[in-house]
Amino acid sequence: MTVVIGVLALQGAFIEHVRHVEKCIVENRDFYEKKLSVMTVKDKNQLAQCDALIIPGGESTAMSLIAERTGFYDDLYAFVHNPSKVTWGTCAGLIYISQQLSNEAKLVKTLNLLKVKVKRNAFGRQAQSSTRICDFSNFIPHCNDFPATFIRAPVIEEVLDPEHVQVLYKLDGKDNGGQELIVAAKQKNNILATSFHPELAENDIRFHDWFIREFVLKNYSK
């Protein structure tokens, strides 16, 4: 039985996610206990084939509008709210899966999944985007130097359900007026959210490999 990872391909950086998952499958296939495949997802028939879904960075407003206008929103909503499925939202994907937005909320009809309040464009304009070396070793073994790229990135301003949402990583406050910024979190063991773009870490598949091992395969084996 093949476990299928879908990458939402309505808009945004979906190809980069596909390539990273493909690289994981090629390089680690002997270490995964299940056969894996990856596919782009543009409609409900493709979505129905998936066990997990990555919602990429891009433009959350455009993503939301396309899903509504094509009649795809309800299918996406049902998928991500199914506890047997796995969802990962990166950057715009984090915005799209969140329950609340603290700014520009009327522009995006979210999937109302992740129980957090999110601020859009918290890092400013595109010219203020940056890559920061982050120590994720508290949740990814030996990953203490990951290049996390933030592009007009959102941040999690508030966790609305601390019982089920776990903060995985905060940026230190030295460049943010002393305020720590939540940029990675998970809800239960099947929903992951990141402000940054792991798919833009060239030739570095550690984050995607961890997602596959800790979310996709563990959830599938239940």
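Placement of Cβ uses the backbone N, Cα and C atoms for every residue, glycine included.
Pulled from Swiss-Prot, these are the features on record:
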- Cys91: active site, nucleophile (ACT_SITE)
- His197: active site, charge relay system (ACT_SITE)
- Glu199: active site, charge relay system (ACT_SITE)
- Gly58, Glu59, Ser60, Arg120, Ile151, Arg152: L-glutamine binding site (BINDING)
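Here the Cα atom of Arg152 (L-glutamine binding site) is found 11 Å from that of His197 (active site, charge relay system).
In this structure the alpha carbons, written CA, of Glu59 (L-glutamine binding site) and Glu199 (active site, charge relay system) are 16 Å apart.
Within 10 Å of its Cβ, the residue among the binding-site residues Glu59, Ser60, Arg120 with the fewest other Cβ atoms is Glu59. A coil conformation is recorded for Cys91 (active site, nucleophile) in the three-state DSSP classification, outside any helix or strand. With a cut-off of 8 Å between CB atoms and residues at least 6 apart in sequence, the same chain places Gln11, Gly12, Ala13, Phe14, Cys91, Ala92 near Gly58 (L-glutamine binding site), listed in sequence order. Excluding Gly58, Glu59, Ser60, Arg120, Ile151, Arg152 themselves, the residues of that chain whose CB lies within 8 A of the CB mean position for the L-glutamine site are, in sequence, Gly12, Gly57, Cys91, Ala92, Ile95, Asn121, Ala153, Pro154. His197 (active site, charge relay system) and Ile151 (L-glutamine binding site) are 8 Å apart (CA-CA, integer value). By the criterion of other Cβ atoms within 10 Å of the residue's own Cβ, the least surrounded of the recorded positions Cys91, Ile151 is Ile151.
Local packing around the Cβ, expressed as the count of other Cβ atoms within 10 angstroms, is greatest for His197 among the recorded positions Arg152, His197.
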